[in-house]
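Asks: Here it is, the structure, as structure tokens.
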């Protein structure tokens, strides 16, 4: 690449293989203002509404009830899995995944035909897949209208993944009144999945790339039992290390580090850790017995373990004890006063869940005088600590105008955060597992599905796979494997969506796409706009590119002063940019002092000449952006030559023997020489 591609397309400022600029992912941060907190609506509008009932009695729901048409039965089949309700759908889905893995275009054709037949017969889950197929242009001509129509039918039939896709579509169009309704339903399902079921709300989205390079550090930690660090930890645990036992128990309980959740193994390691005197395991044992995770549910044992943990100074255990008292589980009877006291103890020790549960008491008026504003403050503290249920309650408040000023945009954003933790988020884990096994095609399909549902990490992962692996990505187009045009267009669309959700590196890639005309018409003005957006997020490479465009008058006014300013800002933002910035400043010096000369015209022509001689240096220069590097390198050599020649002229003038024949040094030349230390 010429501008941006000095680095590897996403994060680095220069793409030559040995230089990378700093990489920083920018998370989306949602902030509540004082106006929101102080100007709330009707504080008395909640009453005893079940909408805000955290402590109500609810029946556990199965995976199929929470996520109809779930893909789990394909990736994690068990004896309880039932596919009889949609045999044609599951058959077609299996074939789609197999075709993506094998790169088998004929099988993919057969699979989509089978799915289409099921869709025409009214299967909502097959209709959801057809919405996906039309959305990306796989085996069918890309059609936003047909995709939208199929997702509507699927959502009406109860498919949650299509509801996610529709909600994100409405969100992108700022149709918050429609988006908020769907996200509210999805968030409620997500909350049910980790409040009622035995699964915990822990999500580990993994960005498989760091810039244009593979994120080797994160991927290494996601290899599960094959990870060398895990094997060392397991060895230490087997030798009696209590801390190692506790950590392994955590990994299995929450399904961390690429491990599948295994509550039985978690229970085994927590019990061994407790035997060795490890107190943190006591609290988790209390939670395990309260949830019935891997054991028969036993609230009496849960209370015993939580009480022991609290005595050991694990103050978050107070929150669990308070919950048992408010529900009347494992104790003589419900006792709201004791529940409040335990929640307050947890709050005094800054436990997020304690803040959340105390907020629920004030919201409902359970054991305390009802105070919605006080509840809001507790929810706010819990949300700042990342408590997903607190985001859910705040979303409801913004949605209904209870306790907070009604704000559908904020409600939608908060609901979305919670909805993305629903059972359908398992697609991310299966995609990562496929990628780690080298099954890039299956990973691409899974990430693309999640991208459609609005997951920013999945959008950038899918786009990166398309860019990084090219033909090896197993990308399927309308009538075969994706052409370069189809692949670039798909990647461009994905980067664009990720950019809209705050991914600064995606904005950088959008600028690249417009600058080089990849996946879209070449447009320097829109490229500059995208780079400006990335620059506003302190992206060094975007600053460099803006300097380059000012220097050459591409999409921005020709302005050498602004060019230098952006080059300098790039270096200030990232010290790794020193070499490219030095080369760029060398080019700028030539342009200032030798404008409209043959020398500058030759330098400017190098990017066009470069492809003709590329075969001569293909073992040295691999990226199109290196044409710019070659150009700047020539500039540097030229400047060094000119400076040396000028230095010799100065020496001649200073020589007393030659003084009588020496000509006075041009003032401009002297000024420029003074600017360069010798």
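In case you wondered, yes, glycine gets a Cβ from its N, Cα and C as well.
Annotated region 'Disordered' per Swiss-Prot: 40-71, in sequence order. What Swiss-Prot records for 242-277 is repeat 'Sel1-like 2', and it gives sequence analysis as the kind of evidence. What Swiss-Prot records for 279-313 is repeat 'Sel1-like 3'. The repeat 'Sel1-like 4' annotation in Swiss-Prot covers 317-349, and the record cites sequence analysis as its basis. Sequence annotations record features per position, and here Swiss-Prot assigns repeat 'Sel1-like 5' to 353-386 based on sequence analysis. For 540-568, the entry in Swiss-Prot reads repeat 'Sel1-like 8'. Here Swiss-Prot flags 1-25 as signal peptide. The annotation transmembrane segment is assigned in Swiss-Prot to 620-640.
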Asks: Across the whole of the repeat 'Sel1-like 5' (353-386), what does the mean pLDDT come to? Round it, please.
Replies: 93
Asks: Reported in the order helix, strand, coil, what are the DSSP residue counts of the repeat 'Sel1-like 3' (279-313)?
Replies: 25 helix, 0 strand, 10 coil
Asks: Residues of the same chain, at least six outside the repeat 'Sel1-like 4' (317-349), with any C-beta under 8 angstroms of its C-beta?
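Replies: 55, 282-283, 286-287, 290, 299-303, 306-307, 309-310, 355, 357-358, 361, 366-368, 378.
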Asks: Run through the repeat 'Sel1-like 4' (317-349) and tell me, per DSSP, how many residues are helix, strand and coil.
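Replies: So the repeat 'Sel1-like 4' (317-349) is made up of 24 helix, 0 strand, 9 coil.
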